[in-house]
Amino acid sequence: MSLKFQKLSGLVLCFLIALPAWFLGQSFPLVGAPVFAIFLGMLLAIFYKNREHTEAGIAFTSKYILQFAVVLLGFGLNLSQVLTVGKTSLPIIVATISSSLLLAFLLQKWFKLDVNTATLVGVGSSICGGSAIAATAPVIQADGDEIAQSISVIFLFNILAALIFPTLGDMIGLSNHGFALFAGTAVNDTSSVTATAAAWDGLHHSNTLDGATIVKLTRTLAIIPITLGLSFYQVYKTKKVGKNQQHTVKLKKVFPMFILYFILASIITTILTALGVNPIFFTPLKTLSKFCIVMAMGAIGLNTNIVKLVKTGGQAIVLGASCWIVITLVSLGMQHLLGIW
């Protein structure tokens, strides 16, 4: 069987996993399509052992379709609009991201956790959940088990945030503006930010959803410096190894070019919008990006050892809980310092 046919067969398989996961995600946005895709892939992997006809396509989807999805994510970012509307939230965003990443780094060292899993949980918790994990995973060369663990942890605390935060905000007396900032800076995934803000609006007959979404988009911009920083760190490590082994390392081979394409897509979106192009024009690209992420998560699920995931998932959950609590406290603390709450 030719390699092209193997790739096509694997792509079709991942598409068939992504399709029901996509519709399940639409029906249950708190869970989200990527989580459904991972679990469907893991369930199928229990029975689907002989993969010689699809292995190449599964590997292609988990790597290159994921990178393609990240590039398309850039078409959802109008840099000027996000920076203009979201600049009031920048101090809170910087504080929450910094504290979460620092905590993830310290806990990884303290408890000797897996470096990649700690990085993905830290980035996913502090920036934008599954999208940040999708952008970061190829940069640090994370494997399927590490990605699946991280996505699962993010999913758990997304649900908790959507269930708890509206009541918590009510109890501590947050204003509508304050809750929009809280939801946008302390909830991981965009769909969960939407669900959390919608729950608040249902209780208060308000409209915090737009504000929370803009704050969330502003927070998403942190993908750029974080992934670039991790990229240069990976280059540094690779060069160090290459020097020890007496061979040179070419920057182009280890630097993830898809991150630069992501930035380029964001710049194109910003320029075209400034020239009068309707933002609706980019909606199909954003939707395609989300679906490609779901396909990639299905492929990752197929390559994930569910037994290992269950056995080693405890550490990731503790790390995720720690990051989630710190982000919540820092978000509220910064609002208090800034006189918003």
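The backbone N, Cα and C atoms fix where each Cβ goes, glycine too.
Same-chain residues lying 6+ beyond the ends of the transmembrane segment (7-24) with a Cβ under 8 Å from its Cβ atoms: 31, 33-34, 36-37, 40-41, 44, 53-61, 65, 291, 294-299, 301-302. The transmembrane segment annotation in Swiss-Prot covers 7-24 (among others).
As annotated by Swiss-Prot, transmembrane segment applies to 28-47 (among others), with the evidence given as sequence analysis. When Cβ-Cβ distances below 8 Å are used as the criterion, the transmembrane segment (28-47) is approached by residues 17-18, 20-22, 130, 148, 151-152, 155, 158-159, 162, 189, 191-192, 194-195, 290, 293-295, 297-304, 306, 309 of the same chain, each at least six residues removed from its ends.
Here Swiss-Prot flags 68-85 (among others) as transmembrane segment, drawing on sequence analysis. With a threshold of 8 Å between CB atoms, the same-chain residues lying at least 6 positions outside the transmembrane segment (68-85) that come near it are 131, 134-135, 138, 214, 217-218, 220-221, 223, 258-259, 261-270, 273-274, 279, 282, 285-286, 288-290, 292-293, 295-296.
For 90-107 (among others), the entry in Swiss-Prot reads transmembrane segment, with the evidence type sequence analysis.
Counting residues 6+ beyond its ends, the transmembrane segment (120-142) has Cβ neighbours under 8 Å at 32, 34, 63, 66-67, 69-70, 73, 96-97, 100-101, 103-105, 149-151, 153-154, 157-158, 188-190, 192, 216, 219-220, 222-223, 226-227, 230-231, 234, 256, 258-259, 262, 293, 296-297, 316, 319-320, 323-324, 327 in the same chain. Swiss-Prot lists 120-142 (among others) with the feature transmembrane segment, giving sequence analysis as the kind of evidence.
Counting same-chain residues at least six beyond the ends of the transmembrane segment (147-169), those with a Cβ under 8 angstroms from any Cβ of the stretch are 30-32, 34-35, 38, 42, 117, 120-121, 124-125, 129-130, 133, 137, 178-179, 182-183, 186-189, 191-192, 195-196, 199-200, 203, 297, 300-301, 304, 309, 312-313, 316-317, 319-321, 324. Residues or ranges marked as transmembrane segment by Swiss-Prot: 147-169 (among others).
Residues or ranges marked as transmembrane segment in Swiss-Prot: 178-200 (among others).
The transmembrane segment annotation in Swiss-Prot covers 211-233 (among others), and the record cites sequence analysis as its basis. Panel annotation: around the transmembrane segment (211-233), residues 73, 76-77, 79, 82-83, 85-87, 89-90, 93, 97, 101, 119, 123, 126-128, 131-132, 135-136, 139-140, 176-177, 179-181, 183-185, 187, 190, 193-194, 196-197, 255-256, 259, 262-263, 266 of the same chain, lying at least six beyond its termini, place a Cβ under 8 Å from a Cβ of the stretch.
If one looks beyond the transmembrane segment (254-276) by at least 6 residues along the same chain, the residues whose Cβ comes under 8 Å of a Cβ in the stretch are 67-68, 70-81, 135, 138-139, 223-224, 227-228, 231, 234-235, 238, 282. If you look up Swiss-Prot, you'll see 254-276 (among others) marked as transmembrane segment.
Sequence-distant contacts of the transmembrane segment (291-310) (same chain, six or more residues past either end, CB-CB distance under 8 Å): 10-11, 13-15, 17-18, 21-22, 25, 33-46, 48, 51, 58-59, 61-62, 65-66, 68-69, 72, 130-131, 134, 143-145, 147-149, 151-152. As annotated by Swiss-Prot, transmembrane segment applies to 291-310 (among others).
Nonlocal intrachain contacts for the transmembrane segment (317-339), taken as residues 6+ away from its ends with a CB within less than 8 angstroms of a stretch CB, comprise 91-92, 95-96, 99-100, 103-104, 107-108, 111, 113, 117-118, 121-122, 125-126, 153-154, 156-157, 160-161, 172, 174, 178, 181-182, 185-186, 188. Residues or ranges marked as transmembrane segment in Swiss-Prot: 317-339 (among others).
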